[in-house]
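Structure first, then comments.
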Amino acid sequence: MPLKLTNTLTRRTETFSSLKPGEVSIYCCGVTVYDLCHLGHARSYIVWDVLRRYFIAQGYKVKFVQNFTDIDDKILARASKENCTMNEVSERNIEEFHRDMDALGILRPDRMPRATRCLEEIKSMIEELEKKGAAYSAEGDVYFAVMKHANYGKLSKRDLSEQQLNADGRVTDKEEARKQNPFDFALWKAAKEGEQSFPSPWGAGRPGWHIECSAMVLQELGETIDIHLGGADLIFPHHENEIAQSEVANGKKLAKYWLHNGMVNVGGQKMSKSLGNFTTIRALLKEGISAMTLRLFILQAHYRKPLDFTKESLDAASTGWKRLNVILCLGLMKHQTLNWPKPNIQESKITSLSKHSLNETLNLSRQQFIDALNNDINTSVAISILFELARPLRSLSNQIENGSSELISESDKHTSYSRWLLLTELANVLGLQAELPKTRTSKQSQNLDEVLIREAIQERKDAKLSGDFAKADKIREELNLKGVQLIDKKDGVTEWIQS
């Protein structure tokens with residue numbers, strides 16, 4: 001089964017075919033850097049990170065470009081509020097963006113252009129649109145005439161009579177009055193008094209939001225690219241306007257495939273800063289929710305569907321991740337006990353999905369995983385396959401933790417290693433990587449009730465002595481879900497560490 005992707009432009013699920021064999025050019029709309037990112041941003045960048053990882057695993061040479069919008073009304077407003085420059089606001093929040101994305105295990109884009117660094121390209125594109133009669137100036141502003149693009153509305157599938165005026169909320173009443181058509185949009189905005197600005201043939205000002213992305217796509221990837229990515233909230237007007245200005249300026253199709261992820265919802269409403277119902281990535285991580293829990297939470301739903309954010313759904317993802325993480329850590333922590341090769345503890349390299357020769361059962365699991373991602377990047381099904389692969393390894397883990405590793409046959413050790421290796425490689429395609437438990441320190445111990453833990457360990461020991469191994473396993477599992485991992489020593493002593 002070849003890779004199939006749902007193309008917003010055609011509303012069809014299509015077989016993917018790149019413009020150049022073996023290469024993929026991808027542009028992803030980035031953030032406006034005026035504040036910390038929230039879970040909605042995390043969803044976009046995690047799902048597109050998986051798409052990129054999958055292309056790499058399939059042997060493609062990928063060029064992935066993601067921009068920073070560092071010129072915007074929101075940034076200017078924040079700079080005014082904090083009595084600093086627009087650049088200071090942008091630089092600080094770009095650093096914070098990298099901190100969050102790195103924490104989530106998201107691969108850094110190959111290129112991350114900024115609007116402030118491609119102003120000449122932006123102005124050149126506006127001048128080209130003027131030459132073609134698709135742009136006009138009015139009181140220092142420059143607007144794109146939407147009627148000059150014959151297929152305006154082809155992405156959002158709306159005609160102008162159905163469009164909502166000022167859908168992005170970035171246009172003032174005065175700007176509306178200067179337009180020839182209510183749906184024309186700004187390519188260049190004249191500077192207001194005292195506002196940071198940039199020189200241009202039309203006077204001091206700054207570029208409009210949409211033209212920034214069009215210019216950066218052209219600068220970094222060329223006139224036509226394979227895939228353009230973004231959230232569903234960007235379909236109109238942002239991506240619709242990108243298409244219009246790029247295709248008029250360049251005379252060519254902007255992107256072959258348009259992919260859009262669904263929104264994260266809170267109480268039935270889209271998570272957004274404007275509604276005030278957002279939770280930042282930083283806040284979630286500070287609460288002790290692991291980065292991999294957030295990845296699993298996001299990837300358990302299909303990327304195009306809405307994702308409801310609730311405490312219960314996040315707790316369920318946390319429980320699931322802890323179960324999976326124990327198995328992913330197995331080869332990193334117990335390889336000597338199992339006579340497995342010593343693994344590279346550093347971040348795993350994305351490997352080819354057809355690299356290893358496997359037995360029939362494991363080969364089937366690998367193919368099912370590939371088929372799931374080929375089916376419009378169905379990470380929900382792909383994750384279920386990871387848990388299926390992990391299940392037989394759980395009994396192996398239990399035997400080690402119960403101090404009975406000598407009962408594991410050499411044949412089982414060998415077969416289990418192949419299974420574990422495949423599991424880690426497939427998990428890495430989803431960006432799910434083992435989080436090794438931290439060794440317990442006196443400071444960390446203060447966050448856990450050690451008396452209760454010792455009592456639980458003794459209760460487990462008594463259960464094992466009485467032959468009630470089911471109860472012993474249940475106690476160990478309950479402690480594990482609370483972030484406590486038990487280590488049974490050969491002398492009968494059980495130690496614990498905080499994971």
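Using N, Cα and C of the backbone, Cβ positions are placed for all residues, glycine too.
What Swiss-Prot says about this one:
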BINDING   Cys29, Cys213, His238, Glu242  Zn(2+) binding site
MOTIF     31-41  motif ''HIGH' region'
MOTIF     270-274  motif ''KMSKS' region'
BINDING   Lys273  ATP binding site
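In terms of local Cβ density within 10 Å, His238 ranks first among the binding-site residues His238, Lys273. Residue counts for the motif ''HIGH' region' (31-41) under DSSP, split into helix (H, G, I), strand (E, B) and coil, are 3 helix, 2 strand, 6 coil. For Glu242 (Zn(2+) binding site), the same-chain residues lying six or more positions away in sequence with a CB closer than 8 A to its CB are His210, Cys213, Ser214, Val217, His228, Leu254. The two recorded residues, His238 (Zn(2+) binding site) and Lys273 (ATP binding site), show a Cα separation of 18 Å.
Most Cβ neighbours within 10 Å, among the binding-site residues Cys29, Cys213: Cys213 holds that distinction in the structure as shown.
Taking CA atoms as the reference points, Cys29 (Zn(2+) binding site) and the residue listed as 'ATP binding site' are 18 Å apart. Secondary structure at the residue listed as 'ATP binding site', taken from DSSP and collapsed to helix, strand or coil, is coil. Mean predicted confidence for the motif ''KMSKS' region' (270-274): the pLDDT average there is 87.
Neighbours of the Zn(2+) site: apart from Cys29, Cys213, His238, Glu242, residues of the same chain with C-beta atoms within 8 angstroms of the site's C-beta centroid are Trp209, His210, Glu212, Ser214, His228, Gly230, Leu234, His239, Asn241. DSSP assigns Cys29 (Zn(2+) binding site) to coil in the three-state reduction, outside any helix or strand.
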